[in-house]
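Undergrad: One structure is given below, represented as structure tokens, and several questions about it will come after.
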């Protein structure tokens, strides 16, 4: 069968839920037996998300093959249970880089290189290649930003051309836009949505489906009004409204038969779909079957924007739903723990578990170390991720080994005891973008340890994103003092450490949250939540 494409655009404002919509449609298609992938288009000039501030962009999601990508790829993976690749995130930076490289190589044979056709052709080539490399029958394409943004215009033109080239029944458009509810008048206002569709039609794109994003379900009158002014069938107007968890969205869409209608429009067979396990998971997330509520402190330096740690948050929810407890997340800015006037007991005294989050740089590091010490000394279940792992080593070296000046060379290049140091392969690296130790790496687990018990096997693969490692010169004295190295890389890097004397004290250089799935939680997060819940 010919490749099929579902292009999702957004209107009125950003963060309206395009990523969740794409992930939900993808999940419902996959559960019908179709091979599906999803492509996120980001119109910014950055080549990737790797050097962007989390406050600007949210989490940097790392794929199995080591790409630093938009957090929407995390939504795709979690909902669809399909691994994304570096080809699934297309940025304007990547597109222009390839076009300029081809021009320098003489590939355009002396032509004047222009947005049309050269840039738009490159965009289409990259979309098609992502579909091909993932063996997809159906490819979802999410165009970041909103219709009308100047940065998005070449991408919208490219997908307009894609429909012309691939055929009327092989490329369809789904447009999602805000439908604002005015509490004063008690009505849903559709005018902004209408204008966003008018803008799309000016570009030459007629939506096949419209998803109205509102606080409440769309009533029949509102749907008829939208249909009239957008030239879209009434039964192709779908409602996406506020719910307790984004994992409910596929259930809402399925109840309105959106995917069945999409398959009909694409001239594809509709198939039976079983959402029993998903509905059970959603009920557990909502706490319907919860045995108890647990308080988890998340200590980091970007906690004012929760999306900076979205995969960790979701991994906690997955593990909690799996064992039937409801997590209450307490976000703590690590800099708030650095002041001597703050009483750690007041902040951490009522939590059942502590996670020290990833991050870079010296800001807030001492606050994280205080949280780690508090967890270790008060025997509170603890999980350290990436930088949290490295600072666990620093804390242990200072407070157990008595190396009071121990530190990471990232924080203090001249530290007397550099227990964390730059990876050998990083010492001659001068560029920041795409140069860390990235992607899935082999971890060899030590039998008889907590890590081995959690994973249930000797060799595992987890994703990474770091430049620093535990200094091999200090491993022996750390182990002599009671720290257990339970996981190492093929070349001997320390990957996982634990303290068997504590209820649960585990830290890892990896990011196991990136591989956590709703119905298949990360083993490390599952072990942590079990310890927190005392189950």
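All residue numbers here begin at 1 and follow the chain in the order shown.
Cβ coordinates come from backbone N, Cα and C, glycine included.
Pasting the feature list from Swiss-Prot:
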ACT_SITE  386  active site, nucleophile
ACT_SITE  511  active site
ACT_SITE  513  active site
BINDING   14, 189, 190, 191, 192, 193, 194, 225  UTP binding site
BINDING   15, 16, 17, 18, 19, 20, 72, 243  ATP binding site
BINDING   72, 142  Mg(2+) binding site
DOMAIN    302-535  domain 'Glutamine amidotransferase type-1'
Undergrad: Which residues in the same chain, at least 6 apart in sequence, have a Cβ under 8 Å from the Cβ of residue 190 (UTP binding site)?
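TA: Listed in sequence order: 179, 212, 222, 225, 226, 229.
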Undergrad: Measure from the Cα of residue 192 (UTP binding site) to the Cα of every one of the recorded positions 16, 19, 142, 243, 386, then give the nearest.
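TA: That would be 16, the closest of 16, 19, 142, 243, 386 to residue 192 (UTP binding site).
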Undergrad: Between the residue listed as 'active site, nucleophile' and residue 511 (active site), how far is it from one CA atom to the other, in Å?
TA: 7
Undergrad: Taking Cα atoms as reference points, rank the recorded positions 189, 191, 194, 513 by distance from residue 18 (ATP binding site) and give the first.
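TA: Checking each of 189, 191, 194, 513 against residue 18 (ATP binding site), the shortest Cα distance is to 194.
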Undergrad: For the UTP binding residues given in the record (14, 189, 190, 191, 192, 193, 194, 225), what is the largest pairwise C-alpha separation in angstrom?
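TA: Among the residues the record ties to UTP, max Cα distance equals 23 Å.
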Undergrad: Neighbour count, 10 Å Cβ-Cβ cut-off, for residue 513 (active site): what number do you get?
TA: 28
Undergrad: Can you check which residues sit near residue 191 (UTP binding site), meaning Cβ under 8 Å from its Cβ, same chain, 6 or more apart in sequence, and list them in order?
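TA: Non-local contacts for residue 191 (UTP binding site): none found.
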Undergrad: Quick one: of the binding-site residues 17, 19, 142, 189, 193, which has its CA closest to the CA of residue 513 (active site)?
TA: 19
Undergrad: To the nearest whole angstrom, what is the C-alpha distance linking residue 193 (UTP binding site) and residue 16 (ATP binding site)?
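TA: Cα of residue 193 (UTP binding site) to Cα of residue 16 (ATP binding site) measures 12 Å after rounding.
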